[in-house]
Every structure is written in structure tokens, then in C-alpha cells.
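Working notes, beginning with the structure itself.
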């Protein structure tokens, strides 16, 4: 029995060749089909050069297991989520490696209603079946079919339902950097909707054409070197906002009108405010790493903040429990109740653009006030031999004088004027530190250095 190392905690990712190839993709399709026994599922793929061949091998495996396959073609992950819940099919698989290096590919798997399939919700079972590779003979009489379809119109209809075009009362200039990934065709369709409604929004498109050679680098705007082209275009065109996507556009990253990159933490607050203007009293889910800005905005706007452990499975589950309208992580993952609790990289920028018009404000001024009120360190990673021992040591140092302690995810320790969260990574031998203060950048910086010194 071969061990398939491409199966990770939440998805499938591997180096092309030994770790992931067409034979393995076929086996994954067979395993998904044998385990879940779906009648019909959707598949799609990103722009990577191997995505089409891997997707077709995957589809062959699904069909040999008796599953009918609907292929939506070039797509971002959220288009698979949408197609799965909108069409009412039994599951979906997107072939994507998002922002991984060129020589990688992968898959993201969901079941009915676009519910995620990860380690403890079926991924280990699919892995076991794919590794054993002992599938029953193919029955030609019950072999599935393959059909190409498009859900682009219905998907963009859904996106446009989050905003009211009548609110776009002033001209907006938006730089959109698709990173030669999968986002371009969606932006083109959204642009048509704005134009048809006579809405004065101009799109300046950077690295717009899908190109699996990634001539401008792998699209991962979390890396500072991947931000320059977006920032330059914002400056050159004097744009109101810059928007940059990763390869499968399940995350979007925003730049203000002065071309400054906005940390994901402050975007959560903006989106919470946007939703609470539409639905006062709604519940908003946030993660424990940085919280004060989000809690402040939610309570000021009449909403209810609810904290969840970090990670998409935890946030989606908590959103369902609480019937929360929106959940946000500082890592640029944003989840929406009406999007089957899935994350979307398209909904956030639409809501922020609408908010700019509603508040008749620049993005710089909206965010600068929040950054001044709650300055944050951003996430700092440190490799440690014994992470648990380090966290215990930090806790012993800071707990006695603390105003509040929370262990939802690692440890969060609060004092009246500053707080921090220290947690281990689910995937690497590192600890992750986040520090924030109340309107005191010097204090936040000093405490960050103090804790980092103790971690050595």
C-alpha cells in the first residue's frame, strides 16, 4: 500500500510527480466516489498548467465510481462552493494549489451544501481508500457521465445581492490585481453589471489574464514582494482602493488610497460594520488572535461579537451554531452565512467599496482611525523546540497581574491597556504571537519585544 503524502490536515497539496499525478488524482476520484457515494458532483480547476489534466483524471475516477460529474471549467474555489450549494449536488472538488510554488498542485473537497471535507470529516477515509487502491471493477452500466456547464451568471447574481448598487453614488476607481490567477473572468462579469446599472465604478486591471506560467510571480499578496505592482497601480491611477487576489481568489487583500497594504485584522472590522448597517443586531464571529478593534466596532454598531477558535472548520461550525451573518479571520479568510458559511474573496471588496460610498469617506481615513485606536503587532512567528513549554513559561510570567485570561486558542492574556495571544501552529513547529494595545503604539511595541525576549 502506497502512502499518499499529498493529504494534509484540511486539503490535498503535493509536489507534482511523486506526490501528485494523474494516477493519484484518479484514485482520489474513485475514493471520493466510493466513500460518499454521491450521485452528482461539480469539479473545477485553477489556472495552473496541470490543473486541467488532474481534473480530468479525477473526473474519470468519479465516473468509474458511478458519479455524474459537472465540470465548471476554469474557476476559483468559491465558484465550486457556490455551484455545490446552488445546484443542490452532492459535493464539489476544486483542483488548485492556491499560492503554493509552481511545481505543486492540490485539491479542496466539499460535500453537500459545500460543507468542508477535512481530516476528521472524511478526508482520512478518502486517503485510506486511495492508498489501498482496491476498488471494485468498473460497471459500465452504472458509470457516470461528464458534462461541461457554466454557473458564472448565477454566481455573479449572488455576489451582487450583497450590495445595493443604488448606494454607489460617487465615482470609484478600483485597481484589481488577479495575479494571472482565476479571478479575472469574475471581475469582467462584475464590471458588466456595474456598467449596465450606470454605476460610476472604473476597474484598472493588473496581471488580469489567466496564465499558469505566472509571469509576474505566484499570486500570494501576503508576501510583501507580491504587493508592489498593486501599490504602484494605486499610486499611478490615484485609485480609491487596491484589490489583490491569491491564485484561487478565496482571499482578497486590500490597499488604501495611498497604496498602503491593510492588515486583515482591520478588514474584519470594516466588514462587520458593513453587515451591521444592513442587519442591526446580527452576530459576528471573530478569532482570538486580535479582538479589541472588532469587538469595539461590533458593539458600537449594535451587533453581538462571538469569539471562535482559529481555523475555517471551527469558525464555520460556530457560525452555524450562532446563526452568525459573518465570520472573519485576520488571515484574510472571510465567511458568509448566505454563502453556505463558506469563505469568499469577492464579497469582501464589494462590501468595502459600498461602505466607502455610504460613509463618503476614503479607505485611508476609515482604517487609520481604527489602527490608531487599536495598534497591533501583526502575527509574529517563532520557531521553538518546545512550544508548549514556552507558552507555559509566558503564562506563568503574565497571568498573576492579568485582568482576563482566555484559552479558546492558545492563551490570550488581557491587561486594561494591552493584550496578547500566543498559540502553537496546527501545521508547523512554531508559536504565533499577536499583541495589541489601546491607542498606545509604543506600549504595544515594547510589550511585543518583551514577550519575544522571553521566548528565546
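A Cβ is built for glycine as well, from the same backbone N, Cα and C atoms used for every other residue.
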- According to Swiss-Prot, 246, 248, 250 bind Mg(2+); so which of 75, 98, 118, 412 is the extra one listed there? 98
- Rounded to the nearest Å, what's the C-alpha distance separating residue 98 (active site, phosphoserine intermediate) and residue 246 (Mg(2+) binding site)? Just drop the number here, would you? 6
- Query: Counting every protein chain present, what is the number of Cβ atoms, excluding its own, within 10 Å of the Cβ of residue 248 (Mg(2+) binding site)?
  - Reply: 31
- Across all chains shown, how many C-beta atoms besides its own are within 10 angstroms of the C-beta of residue 98 (active site, phosphoserine intermediate)? 26
- Item | Shell of the Mg(2+) site beyond 98, 246, 248, 250, same chain only (C-beta within 8 angstroms of their C-beta centre) | 46, 76, 77, 96, 99, 181, 245, 247, 249, 251, 345
- Message: Under 8 Å between C-beta atoms and at least six apart in sequence, can you list the same-chain neighbours of residue 250 (Mg(2+) binding site), or say none if there are none?
- Response: 76, 77, 78, 98, 333, 343, 344, 345
- Query: Taking the Cβ of residue 246 (Mg(2+) binding site) as the centre, how many other Cβ atoms fall within a 10 Å radius?
  - Reply: 28
